[in-house]
Each structure stands twice: as C-alpha cells, then as structure tokens.
C-alpha cells in the first residue's frame with residue numbers, strides 16, 4: 001500500500017513546504033487538514049487553497065471553534081486548569097482536538113501516516129503522538145522537524161529548489177501558537193531570563209498601563225459552565241470571545257514564566273490568555289461560595305493533577321477520565337453569578353451570588369441573627385488538638401524537643 | 001492555689017475590660033502580655049500602662065518583630081503559604097508566637113490560666129488553644145467571649161459599672177487584626193457577598209487606581225530566605241517592612257474572599273498583605289527557575305497541606321514538623337534574584353537570575369548552540385504513552401468506549 | 001410537642017434499659033428500631049418483642065442485609081476500603097445505613113429525637129450524629145452514655161429499680177460490634193499493648209493453625225462488583241456470606257491493631273473480617289491486571305482518602321460523593337476472575353484472567369513473540385532522567401552536595 | 001582516547017561473554033566490577049577470576065553488604081517501601097549502589113564507558129542509566145542487550161567462536177536477580193497469568209505449608225532503624241540476615257504479582273523477601289503506636305510516592321532527597337519493640353512496647369482510670385460535621401439530590 005500522509009496543516013511556511021517534502025520522503029501523497037480553533041488571522045479558505053497549491057491531494061478545513069470551546073475549554077474551566085498554578089494550558093488542550101480530526105480524516109481518506117510540525121524538544125510532539133496512538137495506533141507518525149531534522153533553512157531551500165508557489169516572509173523572530181483560549185510566544189530574546197518581555201510580543205492584550213476606564217463584568221455559571229455575561233445568555237464560544245475582548249482591552253492575562261517541560265528542561269514562555277484567566281478566576285470564586293471545605297481542598301489537588309496530566313499530553317488517559325468524573329460530580333452546585341472589576345492588568349472579584357451558596361449569613365454574622373452555637377466550639381477545639389497535645393506531652397516526658405520548641 | 005490569669009492583651013476596649021472581669025470571674029488576678037508584631041498604631045508603652053490602670057498585677061510588652069519575621073513569616077515564604085491559594089495566613093501565623101510568650105509569662109509569673117479574646121466561631125480560638133495545650137496542658141484556658149458569652153455591650157456596661165479608666169470610642173464597624181505580615185478586616189457590611197469592599201476598609205495599601213509611577217524592585221533570596229532588596233542586605237523584618245511600604249503604595253495585596261473556616265462555616269474576609277503577596281510571588285518565581293520539576297510538583301502539594309495545617313491551628317503538630325523538613329531540604333538551591341515591576345495593584349516578574357538555575361540556554365534554545373538530543377524524544381514519547389495506547393486498544397477491542405471517545 | 005425518641009435498638013442490656021430511661025429523661029415515649037445487618041446471634045423477632053416489653057411504643061425490625069451488602073460493602077470493595085491500610089471499616093460503614101432507617105422511622109412515627117448507645121470517646125458517635133444531621137438536622141440527638149454519663153452499672157441499677165423484665169447476663173468482658181462485613185472486639189485485657197489476643201476473642205474465624213486442607217476459590221467480578229464464586233452467580237450478600245464462611249474456616253481475616261481514632265486517641269482493636277479481607281485482596285489483584293498504571297497509582301491515594309472519610313464518619317460528605325464518582329469510573333474494566341488459595345490464616349492469589357486485561361503476553365514476554373520495541377527505550381530513559389541529570393550537574397558545578405552524594 | 005568500558009559484572013554467562021564482546025565493539029578494553037550485596041551463591045573470588053579469564057584488564061570485587069543494608073535497606077524500612085503496596089523494591093534499591101561503585105571505578109581506572117546487562121523493556125536499564133548520568137554524565141552508557149540486540153543465543157555463539165573459557169550451563173528457565181533484600185524471578189511459564197507459581201521458583205523461603213512450629217521474634221527499633229533481634233544488638237546487615245533466615249523458614253515473604261513497569265507494560269513477577277516483609281511489617285506496627293494520626297496519614301502518601309520514585313529509577317532525584325528529609329523527621333520517636341509470631345507463611349504482630357508510645361491507657365480505657373473528657377465530644381462532633389450538614393441542607397432546600405440520598 002502506498003503512503004498517504006494526513007498532515008496537521010497551519011498554512012504557514014513550514015507545513016506548506018512539508019507537503020511536497022513528505023510526499024517525496026514517503027513516496028506517497030499528502031492530505032492537509034486545517035482546524036479553525038479561533039486563532040484568527042488568515043481566512044481559512046486561503047489556507048485550504050494554499051495546501052492544494054503546494055501539492056496536497058486533499059485539503060480540508062474544519063470549523064472546530066464550538067467544539068473546542070465546549071469540549072476542551074469548558075472542562076479546563078471546571079478543573080481550574082493551570083499548569084504550575086499559572087499556565088491555562090492554551091496549546092495543551094488544542095492538540096487532542098486536532099488529532100481527533102486528523103484521525104477521522106485518515107479514516108475517511110485512507111491515510112496511512114499522520115504528521116505534525118513539532119520539534120523534538122517541546123511538549124506538543126508528546127501531545128500529538130500520545131493522542132494519535134490512543135486513537136489509532138496503526139497510523140504511522142512522522143514529525144519531520146524531529147525525525148528528518150528538518151529546519152526552517154532547509155524548508156526555504158527546498159521550497160526554492162522545487163519552485164513552490166509560496167511567499168517567503170521575512171523570518172519572524174517569534175514562534176507563535178494561538179487559538180481561542182490564548183496565545184503562546186517563544187523567541188530567542190526571552191532565552192535570557194533577565195530580559196523582560198517587549199511590547200511587540202503581545203497581540204491579544206492591550207498594555208495594562210494604558211489607563212482605560214475600569215470594566216465591570218458579571219459572569220454566570222451553571223454547574224461550573226459559563227452560560228451568560230452581564231445577564232445575557234451566550235454559547236461557551238461567545239463567552240470566551242467576549243471575555244477575551246474585554247479582559248484583553250484591560251491588559252489582563254499576560255503571563256511570563258519559566259516552565260517545566262515534560263521532556264525534562266526548563267523553558268521561558270510568554271502567554272496571553274485574557275478570557276481563560278478571568279473565567280477561571282471567576283469560576284474559582286464561585287466554587288469558594290458553593291463547594292464544601294473538604295471537597296474544595298481535595299479538588300485543588302485533583303485540579304493540579306488534571307492540569308499536569310493534560311500538560312503532559314495525556315488527555316486520553318484512563319486517569320484523566322476518572323479525574324473528570326470527580327470534577328464533574330463536584331460541579332453539581334457551582335451555579336451563580338460572579339461580578340468582577342477589570343482594570344489595569346488585573347481582575348478583582350467584587351461580588352458573588354448563588355442560589356446554592358453554602359455561605360450562611362445567620363451562621364457567619366457577628367450581629368443580631370447569629371445562630372451559631374458557640375458552646376460547641378470549646379469541645380471541638382479540645383479534641384481537634386488532642387493528638388497534638390499528647391504527642392507534645394510525650395516529647396516533653398521523654399526529654400525530646402517538642403514540636404512546640406522546634 | 002488562687003488563680004492567676006495570663007491574658008493576651010491588645011490594649012483595646014475588650015481586653016482592657018477583660019482584666020477586671022477575669023479577676024472577678026476567677027477570684028484571682030491578671031497578668032497582661034502584649035506583643036509588638038509590627039501592628040503599628042498605638043505606642044506599646046501606653047498599651048502596657050493601660051493594662052496596669054485597668055488592674056493588671058503585671059503588664060509586660062515584648063518586642064517580637066524580628067522573631068515574628070524570621071521564625072514565622074520566613075517559613076511562610078518558603079512554603080508559599082497561601083490558604084485556599086489566596087490568603088497568606090496573616091493571623092494564623094501570629095497566634096503560635098503569641099501563645100509562646102504567654103506560656104513563658106505563665107511560667108515566670110506563676111500563671112494558672114491563660115486567656116484570649118477570641119469568639120467561639122472563628123479560627124483564632126483554635127490556634128490559641130491548640131498551641132497552649134501543645135506547650136503546657138496544665139494551664140487552664142479562658143475565652144470570655146465564648147465561655148462567658150461576653151459581648152462588647154456587656155463589656156461597656158461592666159466598664160461603666162466599675163468605673164474603668166478607659167475611653168469608650170464610638171464602636172468601630174470593623175473587626176481588625178493586623179501585624180507585620182498583613183491586616184484582616186471583618187465587618188457587617190461585607191456579610192452580603194454581593195457588596196464590594198469599600199475604600200475605608202484599607203490601611204496598608206493605597207487605591208490601586210491612583211496612578212503612581214511603576215516601581216521596579218529586585219528581591220534576593222538565599223536558600224529560600226529573602227536577604228536583600230535592590231542589592232542592599234537587610235534583615236527579614238526590614239525586607240518585609242520595605243516591601244510592605246512599596247507594594248502597598250502601588251495598591252498591591254488587597255484580597256477579598258469567601259473563606260472556609262475550620263469550624264465548618266464560610267465567611268467573607270478582606271485582607272491586605274502587600275509584602276507577603278509580593279515576597280511569595282517572587283519566591284515562587286525563583287523556585288520555578290531553581291527547583292527540579294518533580295520536586296516542584298510535589299512541593300506544591302506539600303505547600304498546600306502546610307498552609308491548611310497552619311490555618312487549622314496546628315502549628316505545633318508533628319506533621320508540620322515533617323513538612324518543614326521537606327520544605328527546608330527543597331530550598332537548598334533557591335538562591336538568586338527576582339526583579340518585579342509593581343504597578344496599579346499588581347506585581348509582574350520581569351527577570352530572574354541565579355547561580356543555581358536549572359534553566360539551560362543550551363538545552364532550551366532553538367537557535368545556534370542547541371545541545372538537546374532530539375532523537376531521544378521519539379522513543380520517549382512512545383513509551384511515555386504506551387500504557388495509554390494499550391488501555392485504549394483494550395477498550396476498542398472490547399467494544400467499550402475508549403478514553404479517546406469519551 | 002411531646003418528645004418521641006427513635007432509638008437504635010440492639011436488643012442488649014444497655015439499649016433495653018435505655019427505653020424506659022429515655023422516656024423518663026425526655027418525658028416522652030420511645031420507638032425502637034433494629035436492623036438485621038447479618039450480625040447473626042439472636043432471632044430478630046425476639047429482639048423486636050423485647051423492646052416492647054421494655055416499654056417501647058413501637059418496635060420495628062428491618063432486614064437490611066441485601067441493602068448493606070450492595071450499597072455499603074460493595075462500594076468498600078471498589079475502594080479497597082482499608083483504614084490505616086488494615087481495617088476494612090466494619091463498623092464505620094454500618095452506621096450511615098442504621099441512621100438512614102432511623103431517620104425514616106422518625107418521619108413515619110413522628111419522632112422528635114434520635115438516640116444511639118455510643119460513648120463520647122469512640123468513632124461511632126461521630127458516624128451516627130454526622131449522618132443524622134446530614135439527613136435531618138431538625139431531629140435532636142441523645143447519646144445517653146455520653147450526654148447523661150449513663151454507665152452499665154447505672155443501667156443495671158435502673159433496671160432493678162423499675163423491675164425491668166430482662167435477664168442480666170454476667171457482664172461480658174468484651175465490647176462487640178458485628179455485622180455481615182466483620183466483627184470488632186474491645187476488651188480491657190487488650191489495653192496492655194504487649195498482651196497478645198486470646199483465642200476466646202474470635203467468633204468469625206477458626207484458629208489459623210488448625211491445619212485444615214487448603215481451600216481454592218475463584219471470585220469473579222464485573223466492573224468491580226463481585227458476582228460469582230467458583231463460577232456460580234450469587235448476590236453480593238450471598239458472596240460475602242460464602243467467603244466469610246470459607247475464609248473464616250481457614251483462620252483468615254484476624255486483625256490486631258493500634259488504631260488512630262478520630263477523637264484524637266490511639267486505641268487497641270481486634271477485628272475479624274474474613275470475607276472483607278479476601279474480597280478486597282481479590283479485587284486489588286484484578287485491578288493490578290485491568291487498571292492502567294497512573295490511574296492505579298492515583299486510585300491508591302483516592303482509596304486511602306475514601307477510607308479516612310468513611311472512618312471519620314463522613315459518609316454523607318460531598319467529598320465522598322466526588323471520590324465515589326472517581327472510583328466508579330475507574331471500575332469500568334475491573335472484570336474477570338481471581339483464583340486464591342486460602343490456608344492457615346492467609347489467602348494467596350494464584351491466578352488471574354480477564355477479557356479486559358491490560359497484560360499483553362506479546363509485550364511482556366522475553367521469548368519468541370516479543371513485540372516490544374526496545375530501541376524506543378534508550379531515548380525514553382535519557383529524557384526520563386534528564387531533569388535529574390541537570391540538577392545533579394548544577395549541584396556539582398556549584399560545589400553543593402548532589403542528590404547522588406547525599 | 002581509546003575506550004575503556006567499566007562493566008557491572010555478575011559472573012554469569014551473559015556478562016562474561018560481554019567482556020570480549022564489548023572490547024570488540026568499542027575497540028577498547030573492559031574493567032569488570034562485581035558487588036557482593038549478599039546475593040550468596042558463588043564465591044566472589046571465583047567471579048573476579050572469571051572476568052580476568054574472559055579478558056578483562058581489571059576485575060574488582062567490592063563487599064558492599066553493610067553499605068547496602070545501612071544506606072539502602074534501612075531507608076526502605078523507614079519509608080515502608082512497597083511498590084503497589086506489595087513489592088519491597090528488591091532490585092530497585094540495588095541499582096543505585098552498583099552504579100555508585102561503577103562510577104568510582106571509572107574514575108579510578110580511567111573508564112570512558114559504563115555498561116550493564118539489562119534489556120530494553122525492563123526497569124533496571126532506567127535505574128542504571130539515570131543513576132549513571134546523575135553521577136557522571138560524561139560516561140557513555142552501553143547496554144548490549146538493548147543497544148546491540150545482544151541475545152543469549154548470540155552470546156553462546158560468540159563464546160564458541162572465540163573459544164571463551166566458560167562452561168555453558170543448560171539454559172535456566174528462570175531469570176533471577178537476588179540480594180540481601182530479596183529475590184526476583186521471571187520465567188516464561190508465569191507469563192500465563194492463570195498459572196500458579198511452581199515450587200522450584202523459590203530459594204529464600206520454605207514451603208509455608210510444611211508445618212514448622214511457630215517462631216516468635218522481637219524486633220527492636222531506634223528512630224525507625226532496626227537495632228536488635230530478641231534483645232540482642234546487631235548490625236542492620238545481621239538483622240536482615242537473621243530475619244531472612246527465620247522468616248524464610250516459615251515460608252514468609254513470597255509474592256506473586258502483576259506489576260506496572262515504568263516502560264508502560266504490565267509484567268508478572270515472583271519475589272521472595274522474607275526479611276524485608278517482616279521488618280517493614282514490624283516497623284509499620286511500631287509507627288502505629290508512636291506516630292501521631294495526621295503525620296501517619298500523610299506519611300502513608302509520602303511512603304507511596306517514595307516507593308514509586310525509587311521503583312522508577314529516580315533514587316538520585318531532588319524529590320527523593322526532600323521526601324527523605326520528611327521521613328527522617330517522622331522517625332524521631334519510632335523507637336520500641338515489636339513482637340511477632342511467624343508461622344505458616346504469615347507473621348502476626350502480637351505485642352508492641354515503646355517508651356515513646358502515644359497510646360495512653362488512661363485515655364483509651366473504658367475501665368476505672370478513664371481520664372478522657374467525654375463532654376468535649378458533643379461539640380466536637382457538631383462542628384466536625386457542620387459543613388456537611390450545611391451542604392446537605394442546601395441540597396434539600398434546592399430540591400437537589402443530597403449526598404445522603406445518593
């Protein structure tokens with residue numbers, strides 16, 4: 001059987017040149033698959049046509065924006081998905097969706113191989129390939145940048161050699177991945193950790209120092225899912241777009257971090273994710289009001305593990321599936337409204353209301369109306385600390401340093 | 001033996017009136033102990049004198065600012081101590097230190113009882129009493145507000161009845177606890193969760209919208225301990241004061257949250273902790289550069305547990321001692337400088353440098369000089385995902401929904 | 001409204017005398033509720049009649065054996081429920097079920113109070129009362145042993161005083177709680193931790209040294225639920241009874257431990273739980289074959305937390321509900337057969353087979369048929385250890401002790 | 001520089017033939033390093049001589065028994081080191097020690113390469129190579145079985161071809177790794193999971209059904225370290241040997257499991273570890289008496305993580321170092337005696353005594369002398385369950401299913 005490579009096609013130089021290159025290397029032909037994940041930029045039809053111009057036997061474009069919002073971004077909100085407490089998994093959650101459509105295309109078009117443009121030192125190769133093999137291990141995987149040491153210089157030379165009909169833009173100093181959920185930027189200049197990011201890095205957010213007037217927003221959730229902005233019902237996609245726009249205008253969601261990659265190295269990354277940041281912040285604030293203490297404590301551990309699992313490319317793991325079941329159950333009562341004031345680079349929660357609130361004015365107030373039975377507390381405190389009292393006593397009796405002395 | 005009550009004395013109305021009241025209720029006398037924890041406000045000598053004026057047989061003032069900074073705030077920095085990912089444990093870490101000095105005073109002055117002013121529905125009663133019993137379970141504990149249902153109204157009436165020489169200030173609407181590490185405010189108005197905080201709540205921070213010029217600061221750490229600001233060596237106390245001042249001027253460190261109290265209820269709390277917030281943020285950024293991935297992942301869990309333990313009043317527990325040992329070992333290489341830009345309510349890390357950095361330009365760069373062996377990645381990815389590939393294959397073979405399909 | 005107390009009635013001396021005593025103390029009347037949880041012993045109809053003889057206005061007996069097996073024991077199997085890695089939660093899982101029926105009876109018979117016979121230093125008071133309040137906080141709770149300092153001596157004296165028609169058995173030296181899932185024994189003799197248990201403590205198990213012939217058993221599971229023994233389909237209740245009988249005959253399931261009670265003290269406990277121990281062992285062995293590695297690792301943490309939650313009386317907590325969702329999802333493929341050899345006090349797994357096994361002969365074998373791609377391993381190992389290599393290099397470069405040297 | 005390969009030499013056929021083979025493949029020469037880790041069997045001097053006979057330029061033997069016992073087995077006891085709750089890490093803890101001596105030999109003898117005999121589908125390659133690179137990343141690693149697809153058949157053919165002076169034993173059906181801490185056996189017959197192990201697999205343990213008289217043993221610990229048996233002080237090495245002998249005679253310590261390998265597959269393994277099993281069991285029983293509840297709960301998680309880290313070949317990781325610090329601190333009071341009865345394949349703890357016990361007769365007893373304040377319990381229970389009461393009430397109020405109903 002001759003090879004047919006199904007390629008994750010972005011429309012850029014690298015994957016455009018990859019079309020004839022993969023055909024040459026495999027002796028087969030190439031099907032280009034492009035997804036609209038809300039990344040903006042070029043018209044998707046132009047992208048589709050370019051793949052054909054570069055020699056693809058088929059080129060398809062899939063509008064996956066709603067699917068991405070509902071099946072990938074919303075679960076990330078429920079899990080308060082933040083790798084290293086900071087990074088809202090912008091690229092990490094897009095890879096499983098891209099692979100899903102590539103595997104589908106391979107089945108439809110008789111693909112024997114799948115291919116992606118990632119290098120051998122990043123996380124995305126892992127996310128692509130683990131997901132491919134989880135769905136169809138019979139598909140062979142080609143990662144030209146890694147497997148053929150295929151570089152941009154080689155790509156340009158090859159394009160000239162075969163006279164490929166694409167413009168050669170001046171090499172951008174940035175390596176960018178962007179979608180509805182955010183934008184990731186890498187660049188040589190940032191590889192010195194003492195250098196601050198420069199203003200030209202950003203596209204989704206305004207300068208937080210610009211001094212716009214504050215913007216107040218009310219986000220409503222039902223069972224952990226954002227369902228309305230300022231009282232107006234919207235789809236998940238619309239909400240993320242709306243919050244992206246308004247939070248971005250306030251300079252919210254910029255992130256500059258040193259990140260622990262799965263492949264064992266640390267890297268410097270700059271992200272913008274205005275909507276993701278604000279939606280997760282609002283969601284956490286609503287959980288604070290509606291989720292019981294011990295469930296909330298344990299969910300924080302679960303959220304962290306979920307985020308690591310997704311970051312590490314394991315979206316399709318049985319562990320993630322069970323973590324999802326935990327999280328889904330925990331969202332039963334995460335329903336209500338969060339009001340935030342967005343300004344000058346940060347969002348501040350200024351109000352919460354929920355029909356399923358666990359906050360009880362009668363129990364919390366120190367004013368008239370207090371129903372809390374304070375006499376219960378004396379015994380509670382005594383037994384709460386009893387094992388510690390006994391162990392410190394043991395230490396004193398034995399002449400050992402007590403915890404209290406250390 | 002007649003009673004002698006050692007009282008945690010703040011100088012305020014409640015604990016002032018408590019002096020004659022405790023004497024009356026126990027038939028004994030009262031020793032007042034006041035700690036300077038950097039709370040500012042009134043001169044400590046006036047506080048000392050007032051206790052005597054109210055009838056205390058002894059009144060002592062202890063300057064515990066350095067001890068508090070070094071033994072309580074610095075460990076909180078090392079542990080990135082944040083309850084519910086937000087609250088830097090402002091009151092929680094002061095209670096064990098206060099009890100330490102009360103127990104010492106009880107030993108010195110022949111105390112039979114210790115007493116504090118906390119109510120029966122808060123966390124601080126727990127922190128006081130568990131700490132007292134860990135150190136000296138023979139001391140009886142009296143919490144008048146809880147045990148005698150002693151209220152402010154009763155206190156005022158009693159003060160008038162015995163003609164106590166204290167001024168009755170107009171009842172403040174706020175209940176405040178403050179120290180070097182931050183400031184906590186509760187008030188009836190906030191008990192409606194939809195109400196935003198009002199400006200008069202704040203004292204440690206300026207309005208973030210005031211529009212000061214940004215302030216750049218470099219904080220240096222050695223083994224996790226802050227040791228210098230802008231290159232100038234300082235004590236921990238001086239650093240916290242300095243960062244409080246400068247971050248406070250930028251409106252940084254305000255916090256408005258719904259908190260899970262140990263006694264089982266949710267409460268609304270407003271905090272200000274400019275220095276705590278910025279120092280922990282800087283410390284975390286330096287850990288991102290100097291701590292290995294798996295240690296960092298596990299330390300995040302450990303930090304969360306440490307914070308819960310301290311919040312829950314268990315400073316003297318054997319568990320905290322072992323968590324401390326873990327954290328201490330993890331700080332071996334947390335040495336270096338973090339540069340932050342502080343402005344308009346938020347601090348942003350803009351640079352990191354460390355002689356013990358794990359970031360390797362040669363491994364991370366995509367430019368010339370790259371030493372990362374990309375060929376290793378192919379096999380890594382394959383085995384990293386193998387167990388997931390097998391389990392999805394099993395699901396498909398059995399006609400079960402796979403993780404990839406769910 | 002006059003009081004009506006719904007009492008958890010065992011038929012023993014203490015709760016029998018409690019009937020007139022509670023009536024006297026509350027000025028109301030008493031409804032006795034007894035559950036058959038497979039505890040064996042006396043005929044339940046005699047128990048029911050005795051309550052009436054002692055003055056109960058109503059006395060009902062509920063056969064809850066199947067409900068207990070299916071809704072309480074089976075979830076414990078799925079969670080491999082073992083407190084402190086040892087104790088299969090014998091009493092802990094029975095309390096929520098008893099309270100469920102008491103609350104129902106209170107609704108049916110107009111109860112205003114519920115009552116149980118537990119003391120103030122054990123775990124069961126917690127399990128009863130947290131469960132009562134979770135289901136109906138309007139019911140007042142009376143625990144005579146704790147709230148009225150009601151002792152066995154007082155009970156006997158009161159029984160004589162009112163001429164109660166019950167036999168006074170010679171005081172047993174044992175305090176026993178038993179049901180289908182196992183049997184708990186406490187006794188003064190065991191309070192010296194150096195004393196071994198004596199033979200008369202045991203009732204569910206034979207002496208393991210008796211030298212019976214080994215007994216081979218095959219237990220079959222579907223989605224984590226035991227469904228057959230030796231190929232014969234049975235109800236959960238029947239399976240637990242059968243394994244109790246056969247494992248008990250081999251002396252399996254005895255447990256002698258020092259236990260961390262929720263109220264802060266350590267206690268010595270002896271248990272027998274032959275069926276529970278063998279069923280959980282078999283279930284774990286089947287999970288080893290059918291559950292993917294990372295899910296299995298995380299499930300062990302989840303199982304431990306589930307067990308603590310249930311031990312601590314928090315069956316009705318939102319956290320347990322979310323843990324249950326995790327566990328339920330994890331059981332999707334826990335289907336297959338486990339063969340054990342039971343003999344002389346221990347059970348040994350000797351075979352596993354499952355249509356949903358993740359064990360692959362082709363991948364595992366070193367013989368002909370090996371399909372594992374060993375070349376992938378070299379790169380895997382390299383990147384798996386890269387962050388550790390870098391951190392040890394950093395330590396050497398800086399003259400610090402490396403992990404490798406410590 | 002010409003190659004010099006430092007080889008982990010066992011004396012068996014494979015590593016013997018590897019000596020000339022490595023010399024041939026690298027064009028250099030070979031230094032053989034053999035460790036005595038208490039594996040028994042052949043005299044070490046014969047092993048040393050055989051390497052020379054096979055062409056090694058140097059051959060050294062290191063008696064590392066005490067070092068292994070003290071620096072590797074004892075920490076495993078402190079950590080109750082059991083992978084998957086079952087496997088006491090027999091091979092896993094020997095690899096870092098072997099690599100330590102190989103790296104030392106490489107430094108002494110000018111080695112440029114290190115080599116081991118492991119395949120590409122097991123865990124030991126990972127343990128060797130991560131440890132090598134942690135200690136000296138400049139050493140090149142050769143794993144002939146994996147890197148040259150070097151099989152036993154090829155080895156025999158090569159031995160004949162070069163007329164190597166070694167006997168060709170009939171191929172054993174077993175692949176064995178053994179040391180002081182235990183013995184691991186793999187064999188084709190076990191690759192069918194339904195087959196029980198056969199008797200000829202075992203060498204460290206007698207048949208548990210043989211009917212020896214029970215053997216009572218008292219093991220004493222100081223700060224978690226075993227220091228005496230039956231009252232007689234011994235070195236760690238002597239204690240492990242003694243318990244191996246006596247527990248082995250009772251058939252204790254056999255283990256048959258399906259194991260999750262790091263490389264992503266499940267494998268069937270049979271182990272014998274009589275001393276390890278009994279020492280860890282005794283250590284855990286002593287912890288139950290001397291370690292406070294919450295520390296004990298958290299230590300169980302830490303122990304599990306430690307075991308996974310060691311199993312996964314990450315002995316030299318910074319995480320393990322911090323886990324060690326936690327564990328070390330937790331052992332402060334793990335001092336005392338544990339009495340076990342060993343018989344017919346199992347050990348049963350029958351007594352514990354400790355000067356640092358946290359068990360308090362006065363608090364635990366239900367007899368005269370009880371000092372536990374039961375009145376404290378009522379309030380404790382109330383607040384312990386308050387958040388659950390509130391959340392169930394919320395669910396009822398909202399018409400949602402409560403936790404109590406689910």
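Quick reminder: no glycine exception, Cβ is built from N, Cα and C everywhere.
Reduced to three states, the DSSP call for residue D:16 (ATP binding site) is helix. In sequence order, D:9, D:50, D:51, D:54, D:159, D:164, D:166 are the residues of the chain that are 6 or more apart from residue D:16 (ATP binding site) and have a CB within less than 8 Å of its CB. Under the heading ATP binding site, TrEMBL lists D:8, D:9, D:10, D:11, D:12, D:13, D:14, D:15, D:16, D:117.
Remark: residue D:175 (L-citrulline binding site) has D:185, D:186, D:187 as non-local neighbours, by Cβ distance under 8 Å and separation of at least 6 in sequence. Residues or ranges marked as L-citrulline binding site in TrEMBL: D:87, D:123, D:127, D:175, D:259, D:271.
Residues annotated as L-aspartate binding site in TrEMBL: D:119, D:123, D:124. Sequence-distant contacts of residue D:123 (L-citrulline binding site), defined as residues of its own chain at least six apart whose C-beta falls under 8 angstroms from its C-beta, comprise D:91, D:92, D:261, D:262, D:263, D:311, D:312, D:313.
Under the heading domain 'Arginosuccinate synthase-like N-terminal', TrEMBL lists D:4-165.
Residues or ranges marked as domain 'Arginosuccinate synthase C-terminal' in TrEMBL: D:174-390.
Chain B lies within reach of none of the binding-site residues D:10, D:14, D:87, D:127, D:259 when a CB-CB distance under 8 A is required.
Listed in chain order, the extra residues whose Cβ falls within 8 Å of the Cβ center of the L-aspartate site residues D:119, D:123, D:124 are D:118, D:121, D:122, D:125, D:126, D:127.
Residue D:10 (ATP binding site) falls within neither a helix nor a strand when secondary structure is assigned with DSSP, and so counts as coil. Mapped onto three states, the DSSP output places residue D:124 (L-aspartate binding site) in helix.
In sequence order, D:255, D:257, D:259, D:269, D:271, D:311 constitute the residues six or more apart from residue D:87 (L-citrulline binding site) in its chain with CB-CB distances below 8 Å.
In sequence order, the binding-site residues from D:10, D:87, D:119, D:124, D:175 that place a Cβ under 8 angstroms from a chain C Cβ are D:119, D:175. Neighbour density at the Cβ, taken as the number of other Cβ atoms within 10 Å, is lowest among the binding-site residues D:14, D:124, D:259 for D:14. Annotated ATP site D:8, D:9, D:10, D:11, D:12, D:13, D:14, D:15, D:16, D:117; additional same-chain residues within 8 Å of its Cβ mean position, judged by their own Cβ, are D:18. Cβ neighbour count for residue D:10 (ATP binding site): 22 (other Cβ atoms within 10 Å of its Cβ, all protein chains included). Listed in sequence order, D:91, D:92, D:95, D:96, D:313, D:315 are the same-chain residues at least 6 apart in sequence whose CB falls under 8 Å from the CB of residue D:127 (L-citrulline binding site). When pLDDT values are averaged over the domain 'Arginosuccinate synthase C-terminal' (D:174-390), the model yields 94. Counting in whole angstrom, residue D:14 (ATP binding site) lies 12 from residue D:119 (L-aspartate binding site) by their C-alpha atoms. When Cβ atoms from all protein chains are considered, those within 10 Å of residue D:8 (ATP binding site) total 23, not counting its own.
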